[in-house]
Every structure is written in structure tokens, then in C-alpha cells.
Amino acid sequence: MNEFSGKFDQQNLKIAIVVADFNATVTRQLMEGAVATLEKFGVPTDQINVYHVPGAFEIPFISQRLLASGQFDGIMTLGAVIKGETDHYDLICQNVASGIMRLNVQGKIPVTFGILTTDDIEQAMQRAGLKMGNEVASTAQSLLEMISLSRQI
Ligand SMILES: Nc1c(NC[C@H](O)[C@H](O)[C@H](O)CO)[nH]c(=O)[nH]c1=O
Ligand SMILES: CC(=O)[C@@H](O)COP(=O)(O)O
């Protein structure tokens, strides 16, 4: 039996982070947590490029451009979509998630999903580093593991 896992060698990795500036009080914390986690695992700071888009809906477009550039070993997407009074929330969540999934299926590098989808700002703040820790830390680690695993195939 042969087993493979995402134990990774972070040397020479180049990572792109695409972060939505909508709800920036939350997404800036997500971005800081993502960079800190990548650095903790040894990714050099100058190998981490951060791209700011207006909102979560713009994430797939820029992610696709970054993927096509061939410059990166993996992409992290970060955002915070917070429910309002209308069904706009549902449309954004569904289309952004399917857009990012399509990039994973069609692309050659992993694109992780670090987009909070919450009922209110409190839930988002809790998941961006307050009470429930920074969910993005596990997203960053998942990206490094997926890069390593995909290189073994
Ligand atoms: N309501 C939220 C948005 N809305 C903006 C869209 O993402 C997009 O920028 C706009 O429709 C123009 O194309 N974006 C978020 O990231 N979070 C929200 O809660
Ligand atoms: C997720 C959203 O787009 C949301 O902030 C919009 O709020 P509303 O549905 O009240 O217009």
C-alpha cells in the first residue's frame, strides 16, 4: 500500500492571497492571520503576494487571472459575506463558492476557500480571530498541504 499526505517543503513556494475589502474590519484580520500562518510554516514574506478586490464576488475573476499567470503554487481566497435583508447574500455565496470550485477543478494549483459566510458581524469577528480563533489559519495550512500533495501525483 502506498500512502501520501501533505507534509510539505515550504521552500520556494509562491503564494497569492486574494482578499475582499468588503467588511474590511473582518477581512483585514483574516489576511493578517493568513500571512502569519504562512510565515510560521516557513513561507518567505516576499513570496506572499496579496491582491485586494472590492468584494467576494470579484474573487473568482482575479483568482483565475492569477492562476493563468503560472506564477503561483497556490491561491488563498479570503472574504466575509454577511447576511442582509434580501437574497443578495445567497446569490453571492453560491456563485463565489462555485466559481472557486471551478478553478480547483479546471486549474493546476489549489485554491482554498477562506470566505466567511455569516448571519451577522459578530459571528464573522469571532471567526476572524476573536472568540473562536482564526479559521483562516487552518485554511492556510490546508493550502500548503494541498500544494505538497499535488506535487506527489
Ligand atoms: N454584501 C457583501 C458583498 N457585496 C459586494 C459584492 O461582493 C460585489 O463586490 C458587488 O456586488 C459588485 O460586483 N461583498 C462581500 O464580500 N461581502 C458582503 O457581505
Ligand atoms: C451579502 C450582501 O450583499 C448584503 O450585505 C446585502 O444586504 P441587503 O440584502 O440588506 O441588501
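The backbone N, Cα and C atoms fix where each Cβ goes, and this holds for glycine too.
DSSP gives Phe113 (5-amino-6-(D-ribitylamino)uracil binding site) a strand state. Sequence-distant neighbours of Phe113 (5-amino-6-(D-ribitylamino)uracil binding site): residues of the same chain at least 6 apart with a C-beta under 8 Å from its C-beta are Thr77, Ala97, Ile100, Thr139. TrEMBL lists Phe22, Ala56, Phe57, Glu58, Ala80, Val81, Ile82, Phe113 with the feature 5-amino-6-(D-ribitylamino)uracil binding site.
The feature (2S)-2-hydroxy-3-oxobutyl phosphate binding site is assigned by TrEMBL to Glu85, Thr86, Arg127. With a cut-off of 8 Å between CB atoms and residues at least 6 apart in sequence, the same chain places nothing near Glu85 ((2S)-2-hydroxy-3-oxobutyl phosphate binding site). DSSP assigns Glu85 ((2S)-2-hydroxy-3-oxobutyl phosphate binding site) to coil in the three-state reduction, outside any helix or strand.
Taken from TrEMBL, the feature active site, proton donor covers His88. Remark: His88 (active site, proton donor) has no non-local neighbours by Cβ distance under 8 Å and separation of at least 6 in sequence.
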For this session: Can you tell me which of Ala56, Ala80, Val81, His88, Phe113, Arg127, our recorded positions, come within under 6 Å of ligand 2 at the Cβ?
Result: Val81, His88
Exercise. Residues with Cβ closer than 8 Å to the Cβ of Ala80 (5-amino-6-(D-ribitylamino)uracil binding site), same chain and 6+ apart in sequence?
Worked result: Ala20, Phe22, Asn23, Val26, Thr27, Leu30, Ala56, Ile115, Leu116, Thr118, Ala124, Ala128
For this session: State the count of C-beta atoms found within 10 angstroms of the C-beta of Phe22 (5-amino-6-(D-ribitylamino)uracil binding site), not counting that atom itself.
Result: 18
Problem set entry | Rounded inter-Cα distance in Å - Phe57 (5-amino-6-(D-ribitylamino)uracil binding site), Arg127 ((2S)-2-hydroxy-3-oxobutyl phosphate binding site) | 20
Seminar exercise, completed: Using a 10 Å radius on the Cβ of Val81 (5-amino-6-(D-ribitylamino)uracil binding site), the other Cβ atoms enclosed count 23
For this session: Would you kindly give the Cα-Cα distance separating Glu58 (5-amino-6-(D-ribitylamino)uracil binding site) and Arg127 ((2S)-2-hydroxy-3-oxobutyl phosphate binding site), rounded to the nearest Å?
Result: 22
